[in-house]
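Per Swiss-Prot, these features apply:
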type	residues	note
ACT_SITE	HIS827	active site, charge relay system
ACT_SITE	SER1051	active site, nucleophile
ACT_SITE	GLU1109	active site, charge relay system
COMPBIAS	444-456	compositional bias 'Low complexity'
COMPBIAS	466-498	compositional bias 'Low complexity'
COMPBIAS	1159-1171	compositional bias 'Basic and acidic residues'
REGION	432-498	region 'Disordered'
REGION	842-941	region 'PDZ-like'
REGION	1149-1171	region 'Disordered'
SITE	ASP1052	site 'Transition state stabilizer'
Amino acid sequence: MRGARKSMGRVSYLRLPHLSGDQLCFVAEDDLWLASLDGPGRAWRLTVDRTKAGPPRFSPDGRHIAYTSWRTLVPEVHLVPVDGGPGRQLTHWGGLDTRVCGWSPPDPDGTTAVLAVASHGEPFSHLTWAYKVTPDGDPGRKLPWGPVTDIQAADLDGERRTLLLTGTPPHEPAAWKRYRGGATGRLWLHGERLLPDLGGHLSAPMFVGGRIAFLSDHEGVGNLYSCAQDGTGLRRHTDHDAFYARNAASDGTRVVYQCAGDLWIVDDLAPGSAPRRLDVRLSGPRAGRRTHQVPAAQHVGGISVDETGRASAVVVRGSLYWLTHRDGPARTIADTPGVRVRLPEMLGESGRIAYVTDAEGEDAVEISYLPRATGGRAARRLASGRLGRVLELVSDPAGDRLAVASHDGRLLILDVAEPDTEVTLALEAVDAGYPPDAGDEDAAGTAARADSAPDAPAEDTDARDIAAGTGTGDIADADAAAGGTVTPGSPGTPATAGGQVTELIRSVNGPVRDLAFSPDGTWLTWSHPGIGRTLRQIKMARIDGPEGTLVVDVTNGRFEDENPVFTRDGRYLAFLSWRGFDPVYDVHTGDLSFPLGCRPYLVPLSSATPSPFALNPEGRPAAGGLDPLEDEPGEGGAVMVEVEGLESRVTPFPVTASKYSALEPVAGGGLVWLRWPISGALGETFANPADPSERPTLEHFNLAKAKKSELVDHLDWFRVSGDGSRLVVLDEGELRAVPASEVGDGDSTTWIDLRRILHEVDPAAEWRQAYDEAGRLIRAYFWDPGMCGIDWDAVLDQYRPLLERVASPDEFADLLREVLGELGTSHAYVVAARRNEGPAHYQRWQGLLGANLACRDGRWLVRRILPGDSSDSKARSPLAGTGIRDGAVLTHVDGRPVDPVLGPSPLLAGAGGTTVELTFAPAEGCQGPSRRVAVVPLVDERPLRYQDWVAKRREVVRELSGGRCGYLHIPDMGGSGWAQFNRDLRMEVSRPALIVDVRGNAGGHISELVIEKLTRTILGWDLTRDAQPVSYTSNAPRGPVVAVADEATSSDGDMITAAFKLLRLGPVVGQRTWGGVVGMTGRHRLGDGSVITVPMNAAWFDAYGWSVENYGVAPDVEALRTPLDWAEGRYPVLDEAVRLALELLETNPPATPPGYEAVPDRSRPPLPPRE
């Protein structure tokens, strides 16, 4: 019994501990818990928020705990009494990175304050400043030390000392293990830097027993270390060699931390100290692991519509259901906890459906029979482990073959033909333990013969256990060595048909996609990747023919051709192609681009088949379109392909060039597709960013009449029924079935009630499945086939036991981050799933006013309304244009008085994005009545704060350089970064020198475009009378260029810094960059809703090799703005950059236009005399 009790102590995932006296506080199951340190005993819940919680910290007197909670959508500081009772929310900052760090020591009068860091009021989320927040709930006082990620304070030798941690990465150390880039962290004690050459992560700094303690992985694994206050005497106090020590905290003499789901304590920092594990057991039912129902409409993962459009197979959170469209019940097809079903595909009119399952740990195809009134049939499982990661699954019209696109570039044909029906039915009956239908004498005889066979195999208990939850009867393990299916109860015995896998073709440049069969099932077409991973070509393959398989190139690979489909009469092949080259002039820089490059194209498969868009010597029929054929082939007829001249028969549809996707053939010889509006990358094209005009339109094209019509004005996606007569449309979580060739009305539109699907989630089983699937995704997509020497299976085995402790989506995400952290590679991210439980109250965003307010004698004054930028719609203060001036006093919000201590922020809780009324009294010394204004508070102030931040730094550069240096800041390498770069480029390059600031650059993919602009050279000038000369090339730097980078310059920011140095554009000033250049492509949603990214694309440079990853790019000149520089208002980094630029100007003067002194003489020369 004692052993059983001991094991019970480690069934929970314990995190984020702190201690005070004999009490221990920690986070588990998304709540705070308290436990006694004296010995084993049950912990008790302190909060019941059931939502993500941050690190808790006891107050110095041990009576309260400050912690970070996500109860209000974003993290805010909360305070809860240790003895129980309601907690209080202390901050209403609305930032994304708020975190409690600790408490300040008591002042002589006994008062103390919470120490927290937050990006509130900053332009970037990584710029977290330290704040002191008093327990009475004032908005907090910003401390002057600049951006910090942790702060501790203590009274040492009669003096208040501050310990700061700066320059850390955006990830926790365990999420990128053995990170050695430029953002490993800098430790400061009272302005002096400690341990500058440690060479590993620094985190969790603490004052402990007269020493400085911290966590570091500079020796390969995260452990607890300490040093003297001058940085000498480094000691290691723990010896974890497999799992990282994480999230350490101290009461000043002892240290507690988490490791592998357990809590550990180090009683002192003596040289021989050793950690001990704390025996902590939780009380309660572990509610986060209990089964619960989820709304199907929020978890639709795929749909396949039946032949006539009367019902669909619907994937809901990894399970498959059969749902009639109008009335009728929902029926389970496949629903096994811990098994994920994907990519359902109807097998023609055979009454069967195929889908991908991972029931055996690898992708396999399972074939189930659709529900019938006579009862179910056993499912068959095929090709387990031989398909790779299945990306697409398409059936031929007869339902005998599946085309499979695998992650590794293989295009496979899987035989799913029906085995001998009588034998299969009989064996199913015997295996199920009941006799076959007595009315079927042939079946009964077959069953008797099978049952009496001398070598009949024994019952397969394992297979029966696997099938227990499917709702469709037993599943036969069909992954036999012979490649075929096996009958139930007969493991390893091939069935009469099915299961053979044939590789049709293999791409060497990424996966094939967009598979489609011809109406007769003889031909298969797809989009094949080409040069540079952007070009694609259309290919076709004749699968059945007297000469075997024949692969044909329909297009030549010069363009991006995708989404090929056969028309339902088999006469044409249609596809989408990005081959339009009608350039559009850029209104700002004069560049040209091709935003209207896509159209649908049509290929007559025979030269004898007329193009519906071609001219006819006899003219067109009165109704337009084509003349009816005397021998109309109809749908599903034999497809005749004349290979010669296919490429020359490619013809564009007579529709406007735009952005198209999801091309599909429908009944009546028509086609449908989605047409997307041309909009900007930042969503500012439309007056209202939430306008549905940003969503696609579903259009139908009638080939016979060469006419286009609109079916649905906006939607998310759609699926086509087997006969092409109906479409199932998903629109903002609602499903409806509509006609495929005309606009639906009240009678022809069927709204599909997803509430009939009652899906129950087993969180523990989902997490086990999601964990294994994440492991397979990493194995399949990680950039190095050899996993950079990592034994990935061993890593998965090491962390797998911790799954049984997890009890919330956030805990599962935390565990998964530890696992992916073992890759030691950038861009391995995990986003937690949204839980379906949490606080019962209504959640909305904090409202922000885009202004700096200050409290003076209990009155809240508008100190400064941020000016913003009229070229950025998101960078506008709600108070701009209201007539409110600096100095006005905010007295009421929606008629409620502003508290003199708390300020207006609590009254703006939940007001983000909605209209509120603000009442202002005149500024001090001004007369007049109060004013009421209506404004819409912001949800996110960062764009507004960012423009103000850039303007201030430009002013600094102007002042330091005497106006000779231009200044550009690039916040990222995406749409917003490109916009910001070009917003000020023309003005700033006109100055003699240029400072290009990429500090804090969040990365992206456009560094090449920025480099192209910066490498322009002035070769000459264009002079116009009464106007200033213009350089050729235009918008080129006139003189020296200096780059500024820091440890937050990341990803594509690393790339542009490397390119800047390799191209010798100019010196780089600052700090070594982040060091993360193994990029990701897309995001993978797991079965539980978690999202992971896989490092897929590794950057290599001639000069640096692979070394930029996990190291970064070192500057030419190091410069650092220390906490004291921030406190005293100095700009040493910009100062150094400007100094270098001015020095370079002395030796490399800027390009200047010529004057009119040496213009050519074009006057008429005198006529020379005759000779």
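Keep in mind that glycine also has a Cβ here, set from the backbone N, Cα and C atoms.
The shown structure was predicted, so the numbers you read here are calculated from the model rather than taken from an experiment.
Mapped onto this structure are the features recorded in Swiss-Prot.
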residue	record	DSSP class
HIS827	active site, charge relay system	coil
SER1051	active site, nucleophile	coil
GLU1109	active site, charge relay system	coil
Given ASP1052 (site 'Transition state stabilizer') and GLU1109 (active site, charge relay system), what distance in Å do their CA atoms have, once rounded to a whole number?
11
Counting across all protein chains present, how many other Cβ atoms fall within 10 Å of the Cβ of GLU1109 (active site, charge relay system)?
24
Which whole-number value in Å describes the distance between the Cα atoms of GLU1109 (active site, charge relay system) and SER1051 (active site, nucleophile)?
9
Rounded to the nearest Å - Cα separation of the residue listed as 'active site, nucleophile' and HIS827 (active site, charge relay system):
9
For HIS827 (active site, charge relay system), what residues in its own chain, 6 or more apart in sequence, show a Cβ-Cβ distance under 8 Å?
SER1051, GLY1076, VAL1078, GLY1079, MET1080, THR1093, PRO1095
For the compositional bias 'Basic and acidic residues' (1159-1171), what are the DSSP-based totals of helix, strand and coil residues?
0 helix, 0 strand, 13 coil
Under the DSSP assignment, what numbers of helix, strand and coil residues are found in the region 'PDZ-like' (842-941)?
4 helix, 35 strand, 61 coil
Would you mind giving the whole-number mean pLDDT across the region 'PDZ-like' (842-941)?
94
Would you count the other C-beta atoms found within 10 angstroms of the C-beta of ASP1052 (site 'Transition state stabilizer') for me?
28
